[in-house]
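Quick look at what TrEMBL lists:
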type: BINDING; residues: Lys49, Lys147, His157, Lys189, Asn286, Gly290; note: 1D-myo-inositol 1,3,4-trisphosphate binding site
type: BINDING; residues: Arg95, Gln178, Ser179, Phe180, Val181, Asn182, His183, Gly184, Ala185, Val186, Leu187, His188, Lys189, Ser204; note: ATP binding site
type: DOMAIN; residues: 106-314; note: domain 'ATP-grasp'
type: BINDING; residues: Asp270, Asp284; note: Mg(2+) 1 binding site
type: BINDING; residues: Asp284, Asn286; note: Mg(2+) 2 binding site
type: REGION; residues: 313-339; note: region 'Disordered'
type: COMPBIAS; residues: 323-339; note: compositional bias 'Polar residues'
Amino acid sequence: MKNKFAQFFIKSKFAVTYCSCGLPGPTHRMIDLSQPLVAQGPFDVIVHKLSDVIVEADRDSQSQQLLTNFQSYVSAHPSTVLLDPLPAMTQLLDRFASYRIMNKLHNSLRDWRICSPPYLEIHHASDILTIQQAMVTQGLSFPLICKTRVAHGSQSHEMSLIFSAGSLADVRPPCVLQSFVNHGAVLHKVFVVGDRHFCVERPSLKNFPSGPCDRKTIFFNSHEVSKPESSSHLTLDEQMPCLPPPSSEAVAALVKELRVQLGMALFGVDVIISIHTHTLTVIDINIFPGYEGVPQFFSSLLCHIESVLDKQTAASPQAAGSPESTQATGSPSAQTASL
């Protein structure tokens with residue numbers, strides 16, 4: 001169970017699952033979105049990953065209805081804590097929104113020399129000259145990483161590395177163009193669980209010469225490239241420099257700032273170290289990541305849930321005697337639920 005905890009949240013939107021984790025603390029229950037939530041509660045905390053439902057709601061009436069029902073329940077039960085809030089999660093599903101947040105880190109974390117690469121939003125099909133002019137305005141340089149606007153689902157991992165103006169014809173809007181930063185083929189994935197965070201090193205794209213060149217566009221899957229066991233021509237380079245790991249203090253400052261900016265407790269950050277400036281560079285923010293390589297995830301999540309409930313109880317001691325409040329914050333019938 002512990003090893004499969006991340007999958008526990010997303011393996012089924014519709015099947016109800018009870019589990020006994022063998023640890024003291026809250027009772028966990030899988031919520032069935034297709035059934036009325038009132039009959040399944042009450043809930044102290046709902047931990048969810050409704051990314052699929054949110055994305056599909058724009059084009060699927062069933063998903064829209066599930067989302068509407070869930071939002072109605074949350075609105076009617078303000079004492080139930082949601083990990084994480086839907087508006088906060090929605091912005092991370094849109095790289096246009098999340099990259100605007102990343103772009104502000106340079107100013108808010110200037111003392112830590114933390115930044116993100118220059119980027120450009122491509123909203124619709126544009127001619128190459130228009131894109132080039134926008135690149136100059138935004139300070140982008142070749143090579144470029146092209147990423148889909150939607151930051152969820154299998155397609156969000158399909159990216160391309162563009163080396164020249166002529167290859168801008170390979171751009172498929174809506175998408176984001178981001179200057180590629182040479183980083184010694186090492187990606188540092190920062191997994192956040194409330195006040196705790198964990199850094200895991202992964203393979204990444206190797207270094208490429210700066211500036212435009214005649215190399216053809218490279219299409220790749222970022223998930224495949226950055227798997228722990230990944231070994232491919234895109235990640236291996238005999239002349240790769242050895243870079244120091246990111247400063248733990250700088251990473252802590254980054255996590256603290258992003259928790260404030262995002263209003264979230266469960267997210268991931270992809271960071272690299274520039275081989276030229278040794279600057280900590282944020283290249284992506286991930287919604288409720290898989291936490292692969294973080295054996296402490298389960299216990300850390302429980303600690304965060306308990307902390308949230310303790311703070312909620314302390315903030316409303318006058319309500320502790322009411323029957324409704326007792327059910328929501330600590331009675332035997334109250335539950336921690338997950339989707």
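Here the Cβ of each residue, glycine as well, is placed from N, Cα and C on the backbone.
Locations of recorded TrEMBL features on the structure.
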residue: Lys49; record: 1D-myo-inositol 1,3,4-trisphosphate binding site; Cβ neighbours (10 Å): 21
residue: Arg95; record: ATP binding site; Cβ neighbours (10 Å): 25
residue: Lys147; record: 1D-myo-inositol 1,3,4-trisphosphate binding site; Cβ neighbours (10 Å): 22
residue: Ser179; record: ATP binding site; Cβ neighbours (10 Å): 21
residue: Val181; record: ATP binding site; Cβ neighbours (10 Å): 23
residue: Leu187; record: ATP binding site; Cβ neighbours (10 Å): 22
residue: Asp270; record: Mg(2+) 1 binding site; Cβ neighbours (10 Å): 19
residue: Asp284; record: Mg(2+) 1 binding site; Cβ neighbours (10 Å): 24
residue: Asn286; record: 1D-myo-inositol 1,3,4-trisphosphate binding site; Cβ neighbours (10 Å): 19
residue: Gly290; record: 1D-myo-inositol 1,3,4-trisphosphate binding site; Cβ neighbours (10 Å): 15
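In this structure, of the binding-site residues His157, His183, Lys189, the smallest number of CB atoms within 10 A of the CB marks His157. Each residue contributes its Cα atom, and for Lys147 (1D-myo-inositol 1,3,4-trisphosphate binding site) and Asp284 (Mg(2+) 1 binding site) these two points are 10 Å apart. The Cβ of Ala185 (ATP binding site) lies under 8 Å from the Cβ of Pro203, Ser204, Leu205, Lys206, Asn207, Thr235, Leu236, Asp237, Met240, each of which sits 6+ residues away along the same chain. Ranking the binding-site residues Val181, His183, Asp284 by Cα distance from His157 (1D-myo-inositol 1,3,4-trisphosphate binding site) puts Asp284 first.
Each residue contributes its Cα atom, and for Asn286 (1D-myo-inositol 1,3,4-trisphosphate binding site) and His183 (ATP binding site) these two points are 20 Å apart. Ranked by CA distance from Lys189 (1D-myo-inositol 1,3,4-trisphosphate binding site), the binding-site residues Ser179, Asp270, Asp284 have Asp270 at the top as the closest. A 10 Å radius around the C-alpha of Asp270 (Mg(2+) 1 binding site) takes in these binding-site residues out of Lys49, Arg95, Ser179, Val181, Leu187, Gly290, in sequence order: Leu187. Annotated pair Gly290 (1D-myo-inositol 1,3,4-trisphosphate binding site) and Leu187 (ATP binding site), C-alpha to C-alpha distance, rounded: 16 Å. In this structure, the C-alpha atom of Arg95 (ATP binding site) lies 8 angstrom from that of Asp284 (Mg(2+) 1 binding site). Looking only at the domain 'ATP-grasp' (106-314), the predicted model's pLDDT averages out at 93.
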